[in-house]
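In what follows, a single structure is set out as C-alpha cells and then discussed.
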Amino acid sequence: MGKAENYEMYSVELGPGPGGDMAAKMSKKKAGKGGGKKKEKLENMKKEMEINDHQLSVAELEQKYQTSATKGLSASLAADLLLRDGPNALRPPRGTPEYVKFARQLAGGLQCLMWVAAAICLIAFAIQASEGDLTTDDNLYLALALIAVVVVTGCFGYYQEFKSTNIIASFKNLVPQQATVIRDGDKFQINADQLVVGDLVEMKGGDRVPADIRILQAQGCKVDNSSLTGESEPQTRSPECTHESPLETRNIALFSTMCLEGTAQGLVVNTGDRTIIGRIASLASGVENEKTPIAIEIEHFVDIIAGLAILFGATFFVVAMCIGYTFLRAMVFFMAIVVAYVPEGLLATVTVCLSLTAKRLASKNCVVKNLEAVETLGSKSVICSDKTGTLTQNSMTVSNLWFDNHIHTADTTEDQSGQKFDQSSETWRALCRVLTLCNRAAFKSGQDAVPVPKRIVIGDASETALLKFSELTLGNAMGYRERFPKVCEIPFNSTNKFQLSIHTLEDPRDPRHVLVMKGAPERVLERCSSILIKGQELPLDEQWREAFQTAYLSLGGLGERVLGFCQLYLSEKDYPPGYAFDVEAMNFPTSGLCFAGLVSMIDPPRATVPDAVLKCRTAGIRVIMVTGDHPITAKAIAASVGIISEGSETVEDIAARLRVPVDQVNRKDARACVINGMQLKDMDPSELVEALRTHPEMVFARTSPQQKLVIVESCQRLGAIVAVTGDGVNDSPALKKADIGVAMGIAGSDAAKNAADMILLDDNFASIVTGVEQGRLIFDNLKKSIAYTLTKNIPELTPYLIYITVSVPLPLGCITILFIELCTDIFPSVSLAYEKAESDIMHLRPRNPKRDRLVNEPLAAYSYFQIGAIQSFAGFTDYFTAMAQEGWFPLLCVGLRPYWENHHLQDLQDSYGQEWTFGQRLYQQYTCYTVFFISIEMCQIADVLIRKTRRLSAFQQGFFRNRILVIAIVFQVCIGCFLCYCPGMPNIFNFMPIRYQWWLVPMPFGLLIFVYDEIRKLGVRCCPGSWWDQELYY
C-alpha cells in the first residue's frame, strides 16, 4: 500500500537460528478469540518474521547453507534439500468441494427455517394420510413449494460464489516457471519449483525472481515489487546491505517480484511457503470469512420468527388438547400454525432486493461478488484505505519547481493555462533542458493523438513524470532530444545517486558539449560551484546554500519526491567534437557544475477524493489511511484529501508549535496520529486499540501485511464494521478479514480481487461512497420490505387459530397462502427496493449493529399486532359476509367444522334449511379461501403504500415517484383477477369466481390502515425522542 522507495514488512533480529533455520523469535501479538491449532497457527503467521541473511558476509552464507558463492550447491545436496523442504511452490490449502459450497447455500438462517417448515408439512401430510383423513394434498404441495424456493435461491447464491476463484490460485499465477541455476559450477535451466535454499541463481531484466534471493552480484539491477506491495516505484538491487530490515535493504530480492532491468546473481535463502509471499498466501487463506452484518441480522430475525412460531403453536396445541382434540390432531394443528407463521416469500424478497442493488452498483463501477456485502457497505463505520491508486492517481506527477529562488506550482494540464511562472526565463529554459535530456524514459510509438497524461511511457515512475511534464511545456520532448544528440551517459545507481549524460548542442555553429545531471538534491548540490539565477551564473555561496536548503525542506515537508538538476558547458578546447568520452575512466568533469533548480513530484490525490472523504466524515464514517509509504508522504496526502482535517495536529506538530520535547506533550491533545510500522511492531494490542480510540484521525505508514491485519482486527475489537481497500498481494489478508474487502479493478492484483467482496472498476475511492449510500438505502428499504412481508403473517395465521378454537370451516388454505407469499406479494415487496431515501441518509451516523436491528421490536409489534390485526378483521369480515350470503350465518358457523369436513355427510343444512352435499361445501370453502385471499391483497395494497416511508408522510414522499411500485400494484390486482376468474382454477389451485361486492368489503379496512399509519408518522415527526417515537418508529 502506498508508493515508497523503501517498504518495511517484517522486523529483524541479529543472530541466525541453529541449523540454518531462520530465527524463530516473533514479536508478541495478542491471540484472537478461540483456540485450536488452526487459530494458533494463524496468530503465529500474523507475527513479524525475523531473518538476518542480508547482514551475513558471503563466507557466513556459504557456511550456513553449505554452498559456494561461485559454484553453487552440489547436485546431491540439492536433491537432499528438495526432499527435506519440498518443492519451491505455494502449497494450496485443502479446497472446499463444490457440493459443500452448494450445501452451504441451502443451510442459511432463513433456509433452515424453511427446511423445518417443509419437514413439518410432510409430517402433517403423513399423519393425515395415516389417519385416513386426507381430504386435500395441500400440505404436500406446500412442502414441495418450500423446498423449491430454498433450492432456487440456493442455486442463485451458489452461482454468485462460483464466479469468485480460490485465493491461492492467484498466488500461483505469480510463480515463475523456469530459473537459471548454477550447481557444481555448471549453469543450466530448471523448473523454479526445484530450487532449494543455498542454490546459486542468476536473473536478468524480464525474469521473475524465483525465490527469496540474497544478492551477491548486480549490474544495474532494478526490481518491481508491485506484485507484492502494489507499488510501482522500481527498487535498486545491489550486493551491499543498506538497512537492518530485509525489505529496506538493497541486497534481498523477493520471490515473485519482477526484475525490470540489469542482471544479478544471488543465493536462495527461502523457498515456497517460507518466502514472504508464501507467508502472505498462508495468512490470506488462513483468515476465516467474517459473518456479514446482514447475515447476523437474518439470524436474529429467524430466532424471533422461530420463537414466536413455536410459542403460538405450543399455545394452541395446549388449547386444542384442552378442547378435546386427539394428540395427533392437535399436533397437526401445531404444525399448521408453525408453517403459517413462516414468511415463505421473505427469502426470495431479500435475495432479489440485494441483487437489484448489486446491479445498480455495477452500473456505478462497483462489482459486488457477495450479495450480502451490499448491505454491509451501508453499515460500515470505518474505512481502512490504501493510498496509492485509491486515494491517489497511481501516477507520479511533477508538482512544484524551484528556480530563480522561487517555488512555482507546476501545471500539468494539456492547455497549460495554469502555468504562472515566466517560461521565457533563461533559468527555466536551462532547467527544462536538463530534465528533458537527462531522462531515459520514452513514449511508446503511435500515441500522437493520445492526450499526454494518458500516454504509455517506457521508463520508471519519476522519469515518466518528468517526460510528460516536458512534453506539456516544450511541446515535443522526443524531438527536442533529437536536437541534442547524446554522446555519453552514466545511468542512476545507488552509489552515486545521480544520473549524468553529455550531449552536443543543437546549434551546429556551437561545437561545445553540455553535461546535464539529475539526482538526489544534496548529492547534486555538492558537485556544484555555481547557481543559475535569472540566466546568470552566480557563485554558490552560503546564502544560496541556505536558500536551497529552505526550498528542499519545504518541498520535502510536503511529502514530495525531490530531484536536483544541474549543467555544465564543456569547453571546445578540452572537449572538441568527436571527443571519446569514457564513463569508466570518467574523463570529463563531475564537479564545478552549475545548479539549475529543484523539481518535486508526487502521486497526486484523485480530484474526487477530498469530497468523498468529506461525505464519509459527514456520514459518521471514519477513514484511516494504511500505507507502505513514508510517514511524511502519507501524512501530506492524508492532509490534502481530508483524512487529517485542517487544524488537526499530531503529537509532533504540537511539540514543534510549543517548542517542547515530544514526550512532554499529552497524546490525548492530538486529534491526529501518524504511526509507522516500527512503532506499530512495538505496540501491544491494547495500546493500538487505545490509540484508535484516542485519535479520531489516523494514518499508518510503512505497514506490513501482518500489521494491516492487526489494524483491521483492532478496529473490529472496538465494535466497528470495517471496510478495507487494497490492490496489492500484501493487502489480501486484511481484505479477507474485513467485514467488506474492496479491491481495485484496474491496478489490483488477482489475489486482492479474489480476497475482496467488492471490486472498484475505476479504482476510485469516491465509488466507495456511492456504495455506502446504496448500502444504507437498501437497509432502509429491506426494513420496509420485511415489514410489508411480515404483516400478512397474522391474517394468514388467524384463520387457523379461529379454525382450531372456534371450529369454523377453514377460512384460508395452504395453497392460497403460497400464492400470497410467492406470487402476488413478491412484486410489491421487491418494488420497495426502488424506493428513494426519505432524507439525506449520508448525513446520518452508521447504524449500531447491536441496537439498530433489521427487525426490531417496534417493527414486529406494529406489523403483527396493529396492521396485521386490521387485515385479519378485514379477512374475517369478508369471510363471514361471503358465508352469510350463501346461507351460513356467523353463529351457525361456530362449531360447524366437524360436520363441514365430514365427507360422509351429504345433507348438512344451512341457516335457511338448504341441504349441502360435501362437494358443494368444498366449493364454498374454496370460495372462502378466495375471499380471504382477496381481502389480504386489498389490504396489502394499502400496506405497501404506507411502507414507502417510515417517518415522512406518504404525501411528502409522493405516490407515483416509484413507478415500479405502481406497476407492481397493478400487476398484483391483475394476478388476483386471473386467479379468481380464469376457468379451471377451482380444480387446479382451489380458487373460485367471487361476487364483485366481496372485493369492496376490505376497502374500508385498507383506508383505515392508511389513515392509522399517517397518524403514527405524524406523531413520530412531531414528538422525536418521545414514548410514541420509541415505540412506533421502526
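Heads up, the Cβ atoms here are built off N, Cα and C, so glycines get one too.
Here the structure is a predicted model, which means the values were calculated and not measured.
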Given Swiss-Prot annotates V339, A340, V342, E344, E796 as K(+)-binding, which of E773, E821 belongs to that site as well? E821
Are A129 and W1027, as given in Swiss-Prot, on the same side of the membrane? no
Please report how many Å separate the Cα atom of E796 (K(+) binding site) from that of T388 (Mg(2+) binding site), as a whole number. 56
Taking the Cβ of D386 (active site, 4-aspartylphosphate intermediate) as centre, how many other Cβ atoms lie within 10 Å? 34
Folded-back contacts onto the topological domain 'Cytoplasmic' (834-853), same chain, C-beta under 8 angstroms, at least six residues removed: 293, 296-297, 300, 356, 378-381, 615, 618-621, 719, 721, 769, 772-773, 776-777, 779-781, 784, 948-952, 957, 961-962, 964-965
Three-class DSSP assignment, V339 (K(+) binding site), comes back as helix
Local confidence of the prediction over the topological domain 'Lumenal' (982-996), expressed as mean pLDDT: 89
Would you identify which of the recorded positions T388, S600, S839, S953 has the most other C-beta atoms lying within 10 angstroms of its C-beta? T388
Under 8 Å between C-beta atoms and at least six residues away from its ends: which parts of the chain pack against the topological domain 'Lumenal' (319-330)? 127, 131, 804-805
Mind checking which residues reach the topological domain 'Lumenal' (982-996)? Cβ under 8 Å, same chain, six or more beyond either end. 813, 815-816, 819, 882, 885, 923, 926-927, 929-931, 933-934
